[in-house]
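Annotated features in Swiss-Prot:
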ACT_SITE  His535  active site, proton acceptor
ACT_SITE  His579  active site
CARBOHYD  Asn99  N-linked glycosylation site
CARBOHYD  Asn114  N-linked glycosylation site
CARBOHYD  Asn199  N-linked glycosylation site
CARBOHYD  Asn275  N-linked glycosylation site
CARBOHYD  Asn342  N-linked glycosylation site
CARBOHYD  Asn399  N-linked glycosylation site
CARBOHYD  Asn507  N-linked glycosylation site
CARBOHYD  Asn546  N-linked glycosylation site
MOD_RES   His127  tele-8alpha-FAD histidine
SIGNAL    1-25  signal peptide
Amino acid sequence: MFPRVVRLNSRLVSFALLGLQIANGAITYQHPDDLPSNVNYDFIVAGGGTAGLVVASRLSENSDWNILVIEAGPSNKDTPETRVPGLADSLPGSRTDWNYTTIPQDALGGRSLNYSRAKVLGGCSTHNGMVYTRGSEDDWNYWAEVTGDQALSWDSVLPIMKKAEKFSQDFSDQSVDGHIDPAVHGRDGLLSVVASYTNVSFNDLLLQTTKELSDEFPFKLDLNDGKPHELAWTQYTIDHNAERSSSATSYLETTGDNVHVLVNTHVTRIVSAGNGTNFRSVEFAVDSNSPKKVLQAKKELILSAGVIASPQVLMNSGIGGREELQAIGVDTLIDNPSVGKNLSDQAATLLMFDTTLPNTDYDVAAALTEWDKSRSGPMAHGARLNHLTWVRLPDDKLNGSDPSSGKDSPHIEFQFRQISHQLPPADVPNQVQLPDPDSIGVVLQFSVVNLYSISPGSVILNDNDPFANPMIDLNMFGDQKDIAILREGVRSARRMFSSPAFKDVINGTVYPPADVTSDEDLDAFLRTSAESYWHGVGTLSMSPQNASWGVVNPDFRVKGTSGLRVVDASVIPRAPAGHTQVPVYTFAEHASVLIAASYH
């Protein structure tokens with residue numbers, strides 16, 4: 001992910017948002033000692049992120065069931081800045097972030113990368129860029145094939161996605177004619193989606209490019225129709241009141257009081273009955289200096305701690321590769337070397353072009369005040385620019401091997417960010433020399449993303465301290481094909497901004513410099529500029545029922561156990577052609593049906 005250009009004064013934010021009213025149907029507890037002693041929970045959800053709150057909400061529809069959610073971070077009610085769409089770029093690295101760092105990456109010259117994961121109720125849906133992309137039809141069919149579960153095919157999940165979605169006219173009543181295909185969307189679900197946009201001249205120039213370079217950059221009416229390999233208007237999880245729509249606001253706040261939420265509390269282990277394979281108990285504590293407590297679910301324990309923390313919890317509980325667990329002094333209860341492996345993410349780089357286009361900068365304090373008073377202005381939008389571009393590379397650029405899920409899937413994404421006088425801050429871990437701000441004018445900045453990295457990473461424990469961060473290895477560019485595809489993405493972007501539409505407003509590329517053109521020079525640039533796009537999945541991958549690999553079965557049960565399921569991004573076998581929040585919502589909706597059906 002990329003530069004945090006918005007720098008905020010926390011006192012300013014708190015003052016501006018004093019009037020923000022937040023409802024919550026569930027009962028929230030701030031400390032383990034506050035939990036009622038007379039409630040026996042049918043289900044315990046370990047992790048109150050995107051998936052965990054979907055599961056809790058759906059299970060709560062049975063009023064006879066009591067559900068407990070345990071979340072390490074604060075409540076979204078205590079972090080009002082997460083409600084404001086325009087503050088999304090300020091959240092990574094903040095109090096709502098785990099602030100992970102990867103181990104040094106060999107192919108990046110030993111650089112370690114920031115790896116943002118949300119630590120707040122609602123998880124990454126409370127913390128992300130709110131982009132709503134479903135992935136490609138090919139992705140879902142691939143997942144169905146690799147897991148042996150046709151319930152994950154595109155035709156099977158599309159009704160689930162529509163049922164969960166509440167697409168609506170946005171807060172400013174902008175016309176969306178020509179921006180979306182209404183037939184693709186649902187309107188009666190819980191998760192709010194809009195196609196809001198800012199009126200900037202850059203919009204018209206991009207659309208003109210889709211006519212001038214239509215072979216490479218055709219226009220797509222709706223990026224969520226299952227075949228996303230064109231330029232399209234972005235859609236966001238924002239509600240009609242210009243507030244972020246997350247699993248905390250859309251799902252949790254609609255539940256009854258049969259859902260209890262314990263925040264600021266870490267899940268340290270899941271506990272088996274008599275060192276067997278029946279896992280229904282969870283151990284938790286506020287911090288490393290606090291006493292640990294254990295609660296047992298009457299029916300099931302659902303682990304939803306995310307792509308990093310879920311494998312960490314399993315390994316600390318004795319579920320993982322025997323040799324790795326023995327090395328850190330953890331007794332092995334279930335020997336499964338797939339735990340923590342298969343980390344699948346997306347590699348990205350930032351591109352900058354010197355331009356005479358009007359800039360998109362604004363006064364943050366004034367914009368916050370406007371949003372607070374009227375839910376309008378730049379803070380009401382998910383981004384300063386309004387389009388995503390998906391590029392499918394021609395076969396002759398793939399060196400005989402196509403890493404995508406199919407012919408209707410793109411290899412590359414362009415996410416346009418801003419046109420600004422501001423450059424990324426100096427504290428971004430980036431070894432490439434940024435241009436001197438005094439030597440250039442306004443700069444168009446956007447990300448170029450390799451959607452399908454084929455070199456898998458891993459999450460491994462340093463020791464058996466559940467409060468210590470694990471070792472995260474993205475293995476970025478571990479395969480030369482990954483850097484080759486991102487290199488072609490950079491060249492594709494340069495072709496876009498060499499089109500006639502941009503001839504009079506683009507003065508040239510400044511990052512990387514214009515003379516960086518050869519394979520060797522572009523690769524050197526990428527090795528010193530690439531970052532993770534923070535779309536990690538796969539560390540507890542789903543696989544067929546009797547497969548010798550993978551961690552969970554298609555019913556989300558952890559292989560070799562009873563009473564324990566995993567529902568979060570970690571079970572998705574591979575990153576999609578797009579952003580990950582919609583697949584996580586969809587997997588969670590599917591899992592909720594399976595869990596509830598087990599008790600009917």
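Every residue gets a Cβ built from N, Cα and C, even glycine.
Feature map: annotations from Swiss-Prot on the structure.
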residue: Asn99; record: N-linked glycosylation site; DSSP (3 states): coil
residue: Asn114; record: N-linked glycosylation site; DSSP (3 states): strand
residue: Asn199; record: N-linked glycosylation site; DSSP (3 states): coil
residue: Asn275; record: N-linked glycosylation site; DSSP (3 states): helix
residue: Asn342; record: N-linked glycosylation site; DSSP (3 states): coil
residue: Asn399; record: N-linked glycosylation site; DSSP (3 states): coil
residue: Asn507; record: N-linked glycosylation site; DSSP (3 states): strand
residue: His535; record: active site, proton acceptor; DSSP (3 states): coil
residue: Asn546; record: N-linked glycosylation site; DSSP (3 states): coil
residue: His579; record: active site; DSSP (3 states): coil
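Ranked by Cα separation from Asn114 (N-linked glycosylation site), the recorded positions Asn275, Asn342, Asn399, His535, His579 are led by His535. Note: the Cα of Asn399 (N-linked glycosylation site) and the Cα of Asn275 (N-linked glycosylation site) are spaced 50 Å from each other.
Least crowded of the glycosylation sites (Asn114, Asn399, Asn507, Asn546), judged by neighbouring Cβ atoms within 10 Å of its own Cβ: Asn546.
Spatially, by CA atoms, the recorded positions Asn99, Asn342, His579 include one closest to Asn199 (N-linked glycosylation site), and that is His579. Cα proximity to the residue listed as 'active site' (within 10 Å) is found for none of the recorded positions Asn99, His127, Asn275, Asn342, Asn507. When Cβ neighbours within 10 Å are tallied across all protein chains shown, the highest count among the glycosylation sites Asn99, Asn199, Asn275, Asn342 belongs to Asn342. With respect to Cβ neighbours within 10 Å, the recorded positions His127, His535, His579 differ, and His535 shows the lowest count. The distance from the Cα of Asn342 (N-linked glycosylation site) to the Cα of Asn99 (N-linked glycosylation site) comes to 21 Å. Within the set of glycosylation sites Asn99, Asn275, Asn507, Asn546, the entry lying nearest in space to the residue listed as 'active site, proton acceptor' is Asn99 (CA atoms). In three-state terms derived from DSSP, His127 (tele-8alpha-FAD histidine) belongs to neither a helical nor a strand segment and is classed as coil.
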